[in-house]
Amino acid sequence: MFEINIDDSKYKNIFFIGIGGISMSALAELMLYKGYNVYGSDRSPSINTEKLEKNGATIYYEHKKEHIDNMDLVVFTDAISFDNEEYMAAVKEKIDLVDRATFLGAIMKNYKYSIAVSGTHGKTTTTSMITEIIKDLEISPTIMLGGQLKDIDGNIKIGDEKLFLTEACEYKANILKYFPTTEIILNIDEDHLDYFDNIDHIIKTFKGYVDNLHKDNYVILNIDDENVNSLFPIDNCKVFTFGIKNNHANLRAKNIDFNEDGFPVYDLYLDNKKINHVELSVLGIHNVLNSLAAIAATYVNNIPLENAIVGLKNYKGVERRLEEKGYYNGAKIMDDYAHHPTEIKSSIHAIKNACKGKLYTIFQPHTYTRTKLLLDAFANSFDESDVIIITDIYAAREKDYGDIHSKTLRDAISEHRDNTFYISGFDDIVKFIKENIKKDDVVVTMGAGDVYKIGEMILKK
């Protein structure tokens with residue numbers, strides 16, 4: 001099993017293949033801070049790579065085998081293929097080689113306490129909520145996020161080695177490589193079906209993840225979620241639950257309402273006793289569940305409840321999660337990372353609840369596999385949007401085999417509703433939006449690819 005003592009390691013020169021990724025860049029920044037010589041490669045510069053270069057990293061914007069000469073350790077991302085020149089050279093030269101998830105899992109073991117936020121949806125938001133609660137504690141936590149949070153000026157905050165907070169993605173069963181002292185499981189849904197066989201395979205993976213815990217560790221579960229309930233019985237660790245609907249949850253939100261800005265407020269109950277009132281500053285009923293998970297994480301780690309109440313009130317959101325970008329002629333322009341049917345439905349419902357005019361949703365499907373296998377669910381995810389624009393599928397790590405197209409999704413949605421359009425070019429989408437929107441309308445770009453650029457184009461003077 002791979003291990004590393006980040007304060008005293010034999011690995012002095014570390015190379016990251018795919019260093020610009022949100023998790024890889026955070027790991028690279030941590031190792032820079034700890035005094036390692038950090039090198040890496042990626043396809044193009046980004047905010048993440050520019051920050052690393054300013055801090056002393058050497059980064060190449062192409063992949064060549066000579067880049068790994070004199071390296072002690074090579075860390076690679078899931079996004080690369082195994083014919084990558086640098087990867088193959090590391091294998092040939094017998095340089096120690098480790099994938100991102102295994103490296104993160106080894107880093108986690110350097111901390112006395114660690115919180116890992118997992119689940120199909122809501123990881124970045126929940127991790128950011130916890131960040132807002134704990135970032136100024138005397139113990140100085142180390143935090144790694146799957147997004148950019150203004151309050152920590154990026155995707156990482158480096159503290160001491162007592163408390164570590166991170167996201168834990170289930171893709172390729174990576175969660176089995178993590179060994180936190182507190183696990184949060186927000187929900188379990190069908191996703192990443194290019195790797196998983198079906199929902200049973202996903203549930204089995206999460207069960208294995210829970211099995212990593214010891215008797216003094218905690219797993220925090222959303223027991224409103226049917227698939228999460230499939231993880232029971234659990235007898236190897238402590239269990240703490242949260243929910244809205246389930247009367248048996250340890251932590252519950254009751255009397256949920258919305259303030260004049262459309263943000264949720266609720267009464268907080270612990271073991272059926274009211275203990276406080278919570279006010280959020282982000283949209284959506286799904287964020288009530290995320291906030292309960294954040295409160296639960298702090299509660300089981302003996303962080304005062306008042307910190308959680310204040311932190312959640314102060315939390316204004318993270319980049320690309322129901323993010324307000326600006327206004328164009330009185331219409332609000334937003335961006336959201338939702339790329340799964342469940343996420344889309346939740347985000348659209350949250351926006352529509354606070355929208356005075358029409359809601360225009362611009363959706364960029366993410367990967368051919370997800371679009372094809374979840375087509376029926378996608379087709380029924382946009383019902384609350386007044387106008388829907390589908391643009392071309394963002395391939396990400398996949399190849400186009402010609403068996404699915406955005407027009408297929410457009411047609412599936414159009415079977416039961418009007419005002420659904422397929423528009424390929426971003427310039428054409430911007431033209432359509434500018435010609436049609438009115439004051440008090442909301443335009444949201446939605447997807448995990450580069451669809452956010454459309455909002456920036458609309459707002460550009």
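Glycine too: its Cβ is placed from the backbone N, Cα and C atoms.
All TrEMBL annotations are machine predictions without curation.
According to TrEMBL, the protein carries these features:
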type     : residues                                               : note
TRANSMEM : 14-33                                                  : transmembrane segment
DOMAIN   : 14-111                                                 : domain 'Mur ligase N-terminal catalytic'
DOMAIN   : 117-297                                                : domain 'Mur ligase central'
BINDING  : Gly119, Thr120, His121, Gly122, Lys123, Thr124, Thr125 : ATP binding site
DOMAIN   : 320-449                                                : domain 'Mur ligase C-terminal'
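The binding-site residues in question are His121, Lys123, and the one with the fewest Cβ neighbours inside 10 Å is His121. Under a cutoff of 8 A between CB atoms, and with a sequence separation of 6+ in the same chain, the neighbours of Thr125 (ATP binding site) are Val282, Asn287, Asn290, Gly317, Val318, Arg321.
Using DSSP to sort the residues of the domain 'Mur ligase N-terminal catalytic' (14-111) gives these counts of helix, strand and coil: 41 helix, 20 strand, 37 coil. Within 8 A of the CB centroid of the ATP site residues Gly119, Thr120, His121, Gly122, Lys123, Thr124, Thr125, the other residues of that chain are Val117, Thr126, Leu186, Asn187, Asn290. Cβ neighbours within 10 Å of Thr120 (ATP binding site), excluding its own Cβ and spanning all shown chains: 22.
Each residue in the domain 'Mur ligase N-terminal catalytic' (14-111) has a pLDDT score, and their mean in this model is 95.
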